[in-house]
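Here's the structure, in structure tokens; my notes come after.
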Amino acid sequence: KSSHETRANTFYVKFAASPFTSSADHIEAQHANFHKELNKRGIDVKIKDVFKRYANGISIEIDERHVKRIAEIEHVESVEPVKIYKRINPIKPIEFKKESLNKRNEDDLNRTILIAPNNDINSVHEITGVKKVHEKLRLSGKGVKVGIIDSGIDYTHPALGGCFGPGCRVAFGYDFMKDTNDPYDNCIGHGTFVAGIIGGIDLRDNGPGFVGVAPNVIFGAYKVSSCPNEIDGEHGILETTVMKAVIKAVDDGMEIINMSLGFAGDDRSNLAILINEFAKQKGIIFIVSAGNYGESGLFTIAMPSNAQNSISVGSFETDKVINFKAFDPKNPKFVINYITKRALAFTFKNIKSIKVKLFPMSKCLNYDYNEFNDTIIIIDYRVKNICPEHLMQKTLNPRGRFVISPRPFDLPDKRNRAIIDSKQADILIKYLEKNPNLELDFSDKYGYMEYKPFSVVPSAFSSWGLTEELNIKPEISAPGQLMLSSFPVNLSPYVVMSGTSFSSPYIAGIAALYIESFGKQSFDQLKIAFMNYAVPRKDRNHLLAPVIIQGAGLVDAFNMLKATSFVYPPKINLNDTVHFNGSHKLNIYNSGRKEMKYKLSHIPAPSINGYNNTSPRNYINLEYFTKQNQYANVQFDNDQIAVPPRSSVEVSVTFISPRELPMDGHFFYSGWLEIAPLDEKMSIMTVPYAGLADDARSLPLFQTPTFPALVSLFANKTIARIKEEDPIKTFTLKLLNETIGLYDYPSVVLNLATPTQMIITEILDDKQSLLGW
């Protein structure tokens, strides 16, 4: 969907021998030969990172003109630009003033979440089965080591143990940005939030405190990103840095590694290869966020969650979120629920009731802004012709803001800003019409866990599959929208954020519960357990969400931990029509002590067309087809079988691709094979499948007919698109700013709809002679 970034003149040279199958002497000899050949050929390089254990390569800085010569050296398998990863950032990441970064406020350090009686702040654990695991199975992840490759962890946080080193919750770690042993998360907060979801616990004052999924795990914090501009102006994360962090985490004995980072890319990167080898050779469990690119449509799975041996995790909306209440003191029955990013009610000193006004976004230039001073203003971002944010900042001095957003996962960043959902907003606006002098009372400081619209459905931002190899990703989903977790205490001890960055650690926490219960398991066994017992769910359309957005479904921790039956393989990739393989085998294994009987059936999901020339191509715009012959046809050689104790039985399954999908579309179909024990006390298992009812080579490369486009990036400060019917355009290059030497220039804008390895743009003169590419 977007081109990945690379570090200029920095390359990773991969050598042929695998450290997992070759001797140390063989690896050493290849490195020695490389340096010998560099000297012999007179190639000057700057050595950055050397990999001899687990990976065999070296990262170098060099003039790119020498790349071809280096690639010709014996034992060099490939020379690739070093990629730059990004954290899978939360939607609307929090921004803080620089001067606040190093202040430690004791009130903040000691702040617990103020929750109203009979409200469970950990209610998210009810929809995933984690609450039952805590209460009935008494599992907490005790002793399991979980590595977090992220922005570090604020280990001073009371919910994360309060210290760093042996005997502490955060017992291992390293800062790869500063090359120190201190992985303290001082400004970004992303890693601290992830850690809280995995295993935070804060039960001070014996109140209804915050509890993560596995509150007794041991953390390893591997810091691969720093504050903006803190390290050489680097805004991304070098792939080689992540590789070093993975190796360090493995050396420290981490059994599970969570990675809430990535970018749009293929599954053949050096990091993906390293993940695959560690999972295969050492049984390391890699849990990786799928990405927050769902509003761009299909094929948006982030790398490295598309690695073959990672578990890619999509996001679901929670059922409840922490709300705060404001009421009309003249009519206490009128109550408005609002959500804040910092998990705190509005705080006003010496003021109880504050006037509320609707700010007319479409007419913002015609108003006297003074009338909005010292009020709570309501800003409705559902209105198209909105007033520019920078203008409101300069001209308004409100007491606080209610933001009405069509994207309910976008929470305002600053203090005394809150979001109200569309339903609440319509009620409030209508009430204002009858009560223009309305004042709201904000004296109630308690938080309330309230049900939210569109509960327990795939998040709109969660990335869609499939991978470019038509492999099912994400493989499973977990809550990731409007999640509450820990944050650096010098900023705000608890916040609410959204993103697949936070569904991924939820799965990592459940993996820790699984390992505590059964001991170290193979990567394959853990993936099978997760996917077999996930629950397929409906989406906002009230239709069963396709496999390519939710994977196997929403995680069910309790049933997967109680399971005595399993099905292999955990997923079936049917590929496209050219490479279609409709014949598959299911192996149903009964690990219990008595014979089990199972009924097999088919659960189809709607077929979807992701190429209907709309932008964005999210769940609203995708075309859904739900007629009988627009599903795959599935046949079992035996739809009812018996499996003896501690034995397995093989079942043949035949797929026939959908017969009546429109010929002018490019449709993806999917569904689940259901394996239901006849013993109703036992849980149902499912196996997801997905395929493309088309030749993958016929998929449109670009999202709509308007791409690619030749544009002027600086003309009128907007992008001026070149119409298809007027393909020839004359550009006059202008000097836009003489002081800095800024010129206008033509650019080619590409909006990909289908992954591709390479796009080349050739630049020709008026005689069609090649000038460059």
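Each residue, glycine too, has its Cβ placed from N, Cα and C.
The following features are taken from TrEMBL:
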- 23-86: domain 'Inhibitor I9' (DOMAIN)
- 141-536: domain 'Peptidase S8/S53' (DOMAIN)
- Asp150: active site, charge relay system (ACT_SITE)
- His190: active site, charge relay system (ACT_SITE)
- Ser501: active site, charge relay system (ACT_SITE)
- 572-689: domain 'C5a peptidase/Subtilisin-like protease SBT2-like Fn3-like' (DOMAIN)
(request) Would you please pick out, from the active-site residues Asp150, His190, Ser501, the one with the fewest other Cβ atoms within 10 Å of its Cβ? (result) His190
(request) Round to a whole number and give the Cα-to-Cα distance in Å for the pair Asp150 (active site, charge relay system) and His190 (active site, charge relay system). (result) 7
(message) Return only the integer: C-alpha distance in Å from His190 (active site, charge relay system) to Ser501 (active site, charge relay system).
(response) 8
(message) Averaging the per-residue pLDDT over the domain 'C5a peptidase/Subtilisin-like protease SBT2-like Fn3-like' (572-689), what integer do you get?
(response) 90
(message) What does the DSSP secondary structure composition of the domain 'Inhibitor I9' (23-86) look like, as residue counts for helix, strand and coil?
(response) 26 helix, 22 strand, 16 coil
